[in-house]
């Protein structure tokens, strides 16, 4: 690594970060098993991974696992507020190029994404590990701009303005960079619902030039990280941000997918009276039969003490909704991007910063709302994200996906796919001992009776867990 090929808040935080990484390793059996299984064969030897995913203690364990099995890695955060500065310092201190500071600007955010593709030897990355598809979008938009730079002329948002400026800057410094980089990519593995939606859209438009593995829809990711992770980290973020009593409050959760289910359970477990909004009749029926009142935000916003978005969509909480809420209503997002809440519509109102990632926005009539993490992920902005154990399952899927793409890319088409069921079951199996779980074993006769092998896979691909 070149001299100081990193950007962190304070490299002196490395020792603190290392202590927490050591603890996290004891809670991440899947990643530690990957190190043990693949340390000799080194399946990622020669892999040059550009990673864009929240720089946390748990991500540090992922990065060090990728390196332990042969990969070279450069890393940036996928959110301006999610970096844990001591984790970033600990990663940088080991010689990994890492770029992230909690509270970085949008300009810095896109500069850091650019940096994960700038290797000291000048050669390109051959894999992307993404969270929200920003790194993928950077390369693909840049390669299209090298053909037609007019696509960068009219940014629609402030973030897009910085995004386009960074592409223009790189095009000027390194002509042809994006096309060369796009051609070198074997594939991308994507962590989140939002990123997967972007990849499917690229596939639909014929703009996906390499294979993409949808890690998000591995059962051991979506049914665990999205649900059980949010169940623990949502209330943690609200409490750290506000110190407000949740019991007895009325909370509205927008969306009842896996993230919404975990969020509703988190709030109801803390004693809140939870209401759900939904567009999908199946999810709405699930919410109703789980005991929640299913409402529309138009009707129910005025009753809310807390509103949480979980949808991955845009304009879920609009300005007209925010005008209806109670004074000092807490407003936050645990979906992905900050456009679930119309934060841009609040920018011309008075903001009072209470502490990092906690602001009070005041309306002309004197009503105030407490906005967490400026509408970005509150569980990472106001707290430290999901616990290590559940992230071990998600990140073990990422490791296996990167191995698949690097060693078997020719078996994948330029489309979005999920990991095979056998690997999903493997990830689950790696986490059972830590919880003291003992599996029953099918006899040969039982296995034949239900049409499987005693070793699995035990469910068809269409099975819904």
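Cβ atoms are placed via backbone N, Cα and C, with glycine included.
Pulled from Swiss-Prot:
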type	residues	note
BINDING	56, 131, 191, 221, 225	substrate binding site
BINDING	192-194, 226, 255-260, 278, 313, 334-336, 379	NAD(+) binding site
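Recorded features from Swiss-Prot, shown on the structure.
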residue	record	Cβ contacts under 8 Å, 6 or more apart
131	substrate binding site	52, 53, 54, 78, 190, 191, 192, 195
194	NAD(+) binding site	132, 133, 312, 335, 336, 337
225	substrate binding site	386, 390, 391, 393, 394
255	NAD(+) binding site	276, 277, 278, 283, 309, 310, 311, 312, 313, 316, 335
257	NAD(+) binding site	193, 226, 283, 310, 311
259	NAD(+) binding site	193, 226, 227, 230, 310, 334, 335
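By the criterion of other Cβ atoms within 10 Å of the residue's own Cβ, the least surrounded of the binding-site residues 191, 278 is 278. Looking at 221, 336, the binding-site residues in this record, the fewest other C-beta atoms within 10 angstroms of the C-beta turn up around 336. All chains included, 27 other C-beta atoms sit within 10 angstroms of the C-beta of residue 192 (NAD(+) binding site). DSSP gives residue 192 (NAD(+) binding site) a coil state; it is part of no helix or strand.
Each of the binding-site residues 56, 334 was ranked by the number of other C-beta atoms within 10 Å, and first place falls to 334. Within 8 Å of the centroid defined by the CB atoms of 56, 131, 191, 221, 225, the record's substrate site, lie the Cβ atoms of 53, 54, 192, 215, 216, 386, 391, 394, 395, 398, excluding the listed residues themselves. In the three-state DSSP scheme, residue 225 (substrate binding site) falls into the helix class. Of all Cα pairs drawn from 56, 131, 191, 221, 225, which the record names as binding substrate, the longest spans 17 Å.
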